[in-house]
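Swiss-Prot annotations:
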BINDING   THR10, GLY11, SER12, ILE13, GLY36, ASN38, ASN124, GLU126, GLY215  NADPH binding site
BINDING   LYS125, SER151, GLU152, SER186, HIS209, SER222, ASN227, LYS228, GLU231  1-deoxy-D-xylulose 5-phosphate binding site
BINDING   ASP150, GLU152, GLU231  Mn(2+) binding site
Amino acid sequence: MKQLTILGSTGSIGVSSLAVIKANPDKFAVRALSAGYNVKLMLEQCLTFQPAYASMADEVSATALRQQLAEYGCKTEVLAGEQAACDLAALDGVDQVMAAIVGAAGLLPTLAAIHAGKQVLLANKESLVTCGRLFMDAVAQSGAQLLPIDSEHNAIFQSLPEQIQRQLGYASLSQNGVERIILTGSGGPFRETAVSALADMTPDQACAHPNWSMGRKISVDSATMMNKGLEYIEARWLFNASAEQMEVIIHPQSVIHSMVRYRDGSVLAQLGSPDMRTPIAHAMAYPERVTSGAKALDFCQIGALTFLAPDYARYPCLQLAIDACNQGQSATTALNAANEIAVAAFLQSQIRFTDIAAVNRHVIEQLTLPEPDSVDDVLYIDRWARQAATQILTHYAR
């Protein structure tokens, strides 16, 4: 029986993780849950899974949860704040930590799990986008094991030889016969929209992803393909890949989640229904296999799989991310932070869809900060980029 802490339990990955746990009650148990401000959903989760601990982002939410749990006679101990999330990530007796807190808020709790030597199921992109080298060094020093949750990275992981799986971030791709990692993306809801019409796209249109059910922020990132850009950066660190060993292609059906091309001409791919429960179940049970609850793939119903090269005029954020990755960790950190500010402004209808890339580009152009040597350095770059993006927003405000 594996004991888990779920960081970000009320988000879409957290909810899917709990669904997999519920489908396999003889294999997994919840020791601790951590979330932001969604008291209502956290209450339901605590009553269903009876964790020893739960944490909320602030004392107001924690107090509300505490009072409501007491009314039900639930014994879950409720904590508050970022340190509480870090403590729950490093709990004694916890085997696995699902790192699914979105954004820079997930950095320190994820790092706490790594330092504690846990098996870390990594769904927080920002950990590697902003702290790639720091995180991979910490993994090596602590003996922690990273298992990727993003459907693309999980697909790549499954398509790689075991020697690389066991030494993520350090094993040589070329020495293990790998020629190239092929990252696939659907192209989002605006794949066929005229580029001239993109400026008029609304938040609701951007969030209507054709294949995946996701949160609003990541849905917008899918529409701009910034999500694929962040995944590109993450894959470079996770699989120790050079720019020459990476390729991004559009695959509208989202059936092939990514591929690995080998020196002998073989290409290994992982296929499945677009359901996050599949990669979650794979990582939780690794190296075994368990029921995920995901629908089986019906090849006859799919009919055909198609592929396209990405159009960087349509997806300038993808190009920005690739360029930032080649520039360094300071640039990827700044880009990630600027993008969070720009997407939040777009979701509130303060700027146009095409302004997201413009704001991101301006922040990168203003960047003069050196490469980070610590998490504090990363957080400083993150704060600087957020302030710079907020200032730039005033020029685009509608």
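One-based numbering along the chain as shown.
Heads up, the Cβ atoms here are built off N, Cα and C, so glycines get one too.
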Should any of the binding-site residues ASP150, GLU152, ASN227 have a Cα within 10 Å of the Cα of ASN124 (NADPH binding site), which are they?
-> ASP150
For GLY215 (NADPH binding site) and GLU152 (1-deoxy-D-xylulose 5-phosphate binding site), the CA-to-CA distance in whole Å is 17
Write out the long-range same-chain contacts of GLY36 (NADPH binding site), meaning residues 6 or more apart in sequence whose Cβ is under 8 Å from its Cβ.
-> GLY8, THR10, MET56, ALA57, SER61, ILE101, ALA105
Between GLU231 (1-deoxy-D-xylulose 5-phosphate binding site) and SER12 (NADPH binding site), how far is it from one CA atom to the other, in Å?
-> 18
State which of the following binding-site residues has the fewest other Cβ atoms within 10 Å around its Cβ: THR10, SER12, ASN124.
-> SER12
Under DSSP, is GLU231 (1-deoxy-D-xylulose 5-phosphate binding site) helix, strand or coil?
-> helix
Integer Cα-Cα distance in angstrom, LYS125 (1-deoxy-D-xylulose 5-phosphate binding site) to ASP150 (Mn(2+) binding site) = 8
Cβ neighbours of GLU152 (1-deoxy-D-xylulose 5-phosphate binding site) where a neighbour is any other Cβ within 10 Å = 26
When the binding-site residues LYS125, ASP150, GLY215, ASN227, GLU231 are compared by other Cβ atoms within 10 Å, fewest goes to GLY215
Other residues, Cβ within 8 Å of ASP150, GLU152, GLU231 Cβ centroid (Mn(2+) site) = LYS125, PRO148, SER151, HIS153, ASN154, ILE156, LEU183, ASN227, LYS228, GLU234, ALA235, SER258
SER12 (NADPH binding site) to ASN227 (1-deoxy-D-xylulose 5-phosphate binding site) - Cα separation in whole Å | 16
If you measure ASP150 (Mn(2+) binding site) to ASN227 (1-deoxy-D-xylulose 5-phosphate binding site) at Cα, how many Å is it?
-> 11
